[in-house]
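Presented below is the structure to which this report refers.
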Protein chains: 4
Amino acid sequence: MAMVCVSDFEAYAKKYLPKIAWDYFAAGADDCTTRDENILAYKRIRFRPRMLRDVSMMDIRTKILGSEISFPVGIAPTGFHQLAWPDGEKSTARAARAMSTCYIASTYSTCTLEEISAAAPGGLRWFQLYIHRNRAVSQQLVQRAEALGFQGLVLTADLPYTGKRRDDVRNGFRLPPHMKLKNLEGAFEVCKMSLLDPSVTWNDIYWLRSLTRLPIIIKGILTREDAELAVKHGVQGIIVSNHGGRQLDEGPATIDALVEVVEAVQGRVEVYVDGGIRKGSDVLKALALGAKCVFIGRPALWGLAYKGEEGLRDVLRILQDEFRLSMALAGCASVSEIGPHLVQLSKL
Amino acid sequence: MAMVCVSDFEAYAKKYLPKIAWDYFAAGADDCTTRDENILAYKRIRFRPRMLRDVSMMDIRTKILGSEISFPVGIAPTGFHQLAWPDGEKSTARAARAMSTCYIASTYSTCTLEEISAAAPGGLRWFQLYIHRNRAVSQQLVQRAEALGFQGLVLTADLPYTGKRRDDVRNGFRLPPHMKLKNLEGAFEVCKMSLLDPSVTWNDIYWLRSLTRLPIIIKGILTREDAELAVKHGVQGIIVSNHGGRQLDEGPATIDALVEVVEAVQGRVEVYVDGGIRKGSDVLKALALGAKCVFIGRPALWGLAYKGEEGLRDVLRILQDEFRLSMALAGCASVSEIGPHLVQLSKL
Amino acid sequence: MAMVCVSDFEAYAKKYLPKIAWDYFAAGADDCTTRDENILAYKRIRFRPRMLRDVSMMDIRTKILGSEISFPVGIAPTGFHQLAWPDGEKSTARAARAMSTCYIASTYSTCTLEEISAAAPGGLRWFQLYIHRNRAVSQQLVQRAEALGFQGLVLTADLPYTGKRRDDVRNGFRLPPHMKLKNLEGAFEVCKMSLLDPSVTWNDIYWLRSLTRLPIIIKGILTREDAELAVKHGVQGIIVSNHGGRQLDEGPATIDALVEVVEAVQGRVEVYVDGGIRKGSDVLKALALGAKCVFIGRPALWGLAYKGEEGLRDVLRILQDEFRLSMALAGCASVSEIGPHLVQLSKL
Amino acid sequence: MAMVCVSDFEAYAKKYLPKIAWDYFAAGADDCTTRDENILAYKRIRFRPRMLRDVSMMDIRTKILGSEISFPVGIAPTGFHQLAWPDGEKSTARAARAMSTCYIASTYSTCTLEEISAAAPGGLRWFQLYIHRNRAVSQQLVQRAEALGFQGLVLTADLPYTGKRRDDVRNGFRLPPHMKLKNLEGAFEVCKMSLLDPSVTWNDIYWLRSLTRLPIIIKGILTREDAELAVKHGVQGIIVSNHGGRQLDEGPATIDALVEVVEAVQGRVEVYVDGGIRKGSDVLKALALGAKCVFIGRPALWGLAYKGEEGLRDVLRILQDEFRLSMALAGCASVSEIGPHLVQLSKL
């Protein structure tokens, strides 16, 4: 079977992954409405393509927090990559480096930060953090990440408790015994979400700031009010995200929330978005609506499930080619030419 | 099969109830448009969840007409519980008390008010009333309920005649011979709806008021005009309801009508809503739009059909857990923090 | 099988009529979009039902052009009733009289006007007319109808040519040899639509007026502009109609066009509507939006196909019962209480 | 099987064409959203038909750039007609001439321009052009077309690169060895789209103008901004087109873009539209919204696939008959009576 578009990798993963792993990655909260809306919302946005512009020399590079990436698609933080491929996050790190883009490693990785770093020295990586009840655990993780050369700290804000994902409950999902949340070993027993601290507030940003010189990116913002608070509390970036529809169901699609957040932020910090990206043209829409870069979650896992590092590179290359082609067909030769004039938000 | 969400109980009931009973409970008027719209309308409402608020201590209790309930979900009045479980309304009363919430017993119960009271002494209960052509029957029911410690009187306003439920007509639905409308025994032959009085008007509220010191809650209001009349005639509460879509088909979904009624009432009386509640997040939406509490009809029957009192407790506990989680994920630690800022009404 | 609602008669007719007859009655133009929209448009209208109004004495009678009918549902003109039942239009006339409503007999009847009159003496009937190239034919028909006691003349305005109904083309539809367009026998060869005059204009209303003292009702109006012209040319009534979706596909649903026409007419003439009526509540919606009466086309044919006169009476009685019940549940005790306050046009 | 409407030809072609050819003609970019939207958008437009206008004498002729055509439907440029019928573009040219309409021959024809001209001398034809990196190739083509009597030059503006059509990638689509891009033979190796020049800009219109006295029509415009630029750069006509949904997916449906372009152009040049035309009433809608003429792409190929010249004539005749009938039923006797009053854009 030819792997022509990202959906081909999804079909492959659904067919070949163990059901419990597929279900875990595919899961959305409750009725999965928001998970699916993330995709549908892109389809409601129409391009306004412009013709007869010189698109012979295409430049699709961009910068996020000062670092150049080869195109505006990074790897969102997702847990348990060994469920998709034996090498787990090491393959992810290698693929991201090979494609010159950014990989946000999750706290819930099945490889240590040290293994990830060693697998792909020099790659651009950010570290995703939950704040634990035991703040020393979080502090130690931040400092390990900084020491290992991670260049950004992504604080997940939308998981005071884990969303209700029905299939995981039915399956009694838990990590297979031979996989570990290696970054947390010794700190406490794995997979007990209740060790996350649901009392975290905006003031904890200041505490986090006191621990590290890394830029702080907050992930999980969906409203203008929270975007305003994020800027006020000094973050360097915002990832508009609904956790792939795995937390509160029936919140907004991320591409819809992006519009609101970008308007509130007014360029004071960089804004990114994840959720629902399946085609290069989705990336173009997100950038037209003000995102500096998008991050992919499930598509990266499908790539891993297909062929590890190579499969993820395939996924990234397809998105890269599609993004470049969409830009050209819309009349943009470089990322700087992308703007809101390119899209029309449907009345639907 | 694991019972993970309310729909699991629906599937169970559909599979195991006698068809004629399932059909009776499931029935909607005419094309069942309103029955189904009650559910679909919730899906058109989007949350605007807020992040990084301290949700470590969750308080989901509320009060209705001064009585505390453990969370804002009560049991709506529905008839013929013995069709779902041999013990009928006795199980319902016990489950409601066990979960510290309010149970509205129907005139068309298959247990007497006395049996219901005796089954769960001390539970918070309201009594649902139709006004009969023979007013003495209604008067006697009101006075029995008051004497038995029922704490509210719910007048159903939307059934001057019974709606046309096609499946019931096809099935020739009637109660099995061993079940009785026990509260009406002796008063008149059972199941003759024509004994209800279609000439009832707002002035009958005054008559009802003259019979009892119980608060009067009117059920079945769908417009601002009627909400205004209800307040003017001195009721203590309004249940926005379309009788589960069983009366006039193609009226508004209750969650849509709630917005209109809340706006008209302006806090002068408490407003509740029933119809279409299937998830804890539906409860959160209803409260965000101004309901003080919601009531569940069919989900309670499905719980009974599953395991009587225990099954209904399961349903209530699932809704309770989901409601608490939704609140936390939306950034609310107590019911008092819930407000219209949490939702966005879709343009659809 | 119990015949509970109009759709039951449709299912029966689809099952038992010869395919060529079913297809002819069911046919819509082109993609049948308008035929289906006629029904869907009703579903987009929501009631605003009012409670606690005395609905113990229901009066569902109304008057059209001064004649009382037992409820506001008449029989629209449709051709070839012998395709549905051997007795053809004689059964239709009897059923309409039995139910005390109005029957609009079609030019393309398979019984003569004389047979129709004789079958049900004293029934309220209007005659539907096409204007033929040979005006003498039309003149003779008008004068026969008037002499026979028909009380209104319905001029069909939307058929200068016959719409393209694909199934009829595929089936090579034509009347079976033993059926005749009896009203046109001798005048010209049957079923040649090209004998209709596509040059008819508004001025021909004046010619028609010169032939008869009967009130003239124009059928097929869909815009405010044409409604204005109809009033200006002195008609007594307008039937908002798209010929059951059989002429120009993708015009407006009749219930949508009704709103526009009623607004233009401002009560100067009576306005009726046909197309898409399947339930008593559809009748209530049409009246709420300003129709004085509705007419049913296909449902009447399904009734005939079921059991001739008796079947059509069944259909009418179901609609009558449903209409009465809908009125009561919406809080109206008489037709005069029905008004636009009862409905809300959906934003969809 | 009777060929009653255009969809019948589509069904035939799908059944009898080799899969690879069907897929190539059917292909849309990415998810085929725009391909399908082209059709769906027509369905959202409602007619406002007018009655009792004299439509006995129908005149459906129109003129494009001064040349009369028998009705406002021409043949859009599509490639590789030999995939549909052995004679290829020669049959197309003959059918267009037989029906007295305009045929836009594609650069990617499988017959030479000379063969096309010889097949149907005297037919009205335009030539569709891509601008090649090797400008001499384009210049030679333009001059050959002009010398052969082609009467217009259609510059395709929306293909700086070829869109991503997944099925073609999966099928490894390429022309069978016995077919050739005959107009380009000798110039360079066939089927290498990369020989098209993605650096083309509006200034190249001036270069094109310098080569020929033929009117220049620009094809692929979708926005008011580009329409304004087209007028400013001196074209004689604009074809609103999205290349049948084969280039940038999720741009506007062409009938929606037409409204915007017509408004911008204000009658300064003629505007045409292609994409999604499947019925005569679609043609009427396009004209009502300001198109001077429409062009059909896939329907022409389906006609060829059915019976070559004869099949294409059948398709054109069906559209002609349907267009005439739609006009009459909408109350227009000639093309000059068609205007925006005939349609209502749905709020959907």
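Here, residue 1 is simply the first one shown, and the rest follow in order.
Note: Cβ is positioned from N, Cα and C throughout, glycine not excepted.
TrEMBL annotations: computationally assigned, not manually curated.
What TrEMBL lists as domain 'FMN hydroxy acid dehydrogenase' is C:1-348.
DSSP assigns C:ARG165 (glyoxylate binding site) to coil, not to a helix or a strand. Residues annotated as glyoxylate binding site in TrEMBL: C:TYR24, C:ARG165, C:HIS243, C:ARG246.
Per TrEMBL, FMN binding site is recorded for C:77-79, C:SER106, C:GLN128, C:TYR130, C:THR156, C:LYS219, C:SER241, C:274-278, C:297-298. Using a 10 Å radius centred on the Cβ of C:SER241 (FMN binding site) and all shown protein chains, the other Cβ atoms total 29.
In the three-state DSSP classification, C:HIS243 (glyoxylate binding site) falls within a helix. Under the heading active site, proton acceptor, TrEMBL lists C:HIS243.
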Largest separation between Cα atoms (Å) of residues that the record links to glyoxylate, namely C:TYR24, C:ARG165, C:HIS243, C:ARG246: 13
Cβ neighbour count (within 10 Å, all chains shown) around C:GLY297 (FMN binding site): 23
PLDDT averaged over the residues of the domain 'FMN hydroxy acid dehydrogenase' (C:1-348): 96
Candidate binding-site residues C:TYR24, C:ARG165, C:HIS243, C:ARG246, pick with smallest Cα gap to C:GLY297 (FMN binding site): C:HIS243
Separation of alpha carbons, C:GLN128 (FMN binding site) and C:TYR24 (glyoxylate binding site) (Å): 19
Other C-beta atoms that fall within 10 angstroms of the C-beta of C:GLY79 (FMN binding site): 19
Spatial neighbour of C:GLN128 (FMN binding site) that is closest, considering only the binding-site residues C:ARG165, C:HIS243, C:ARG246 and their CA atoms: C:HIS243
By Cα-Cα distance, the member of binding-site residues C:ARG165, C:HIS243, C:ARG246 nearest C:PRO77 (FMN binding site): C:HIS243
Sorted by sequence, non-C:TYR24, C:ARG165, C:HIS243, C:ARG246 residues with Cβ within 8 Å of centre, glyoxylate: C:ALA27, C:GLY28, C:ALA29, C:THR162, C:GLY163, C:ASP168, C:GLY244, C:GLY245, C:GLN247
Among C:GLN128, C:THR156 [binding-site residues], residue with fewest other Cβ within 10 Å: C:THR156
Secondary structure at C:TYR24 (glyoxylate binding site), reduced by DSSP to three states: helix
DSSP-derived class (H/G/I helix, E/B strand, else coil) of C:THR156 (FMN binding site): strand
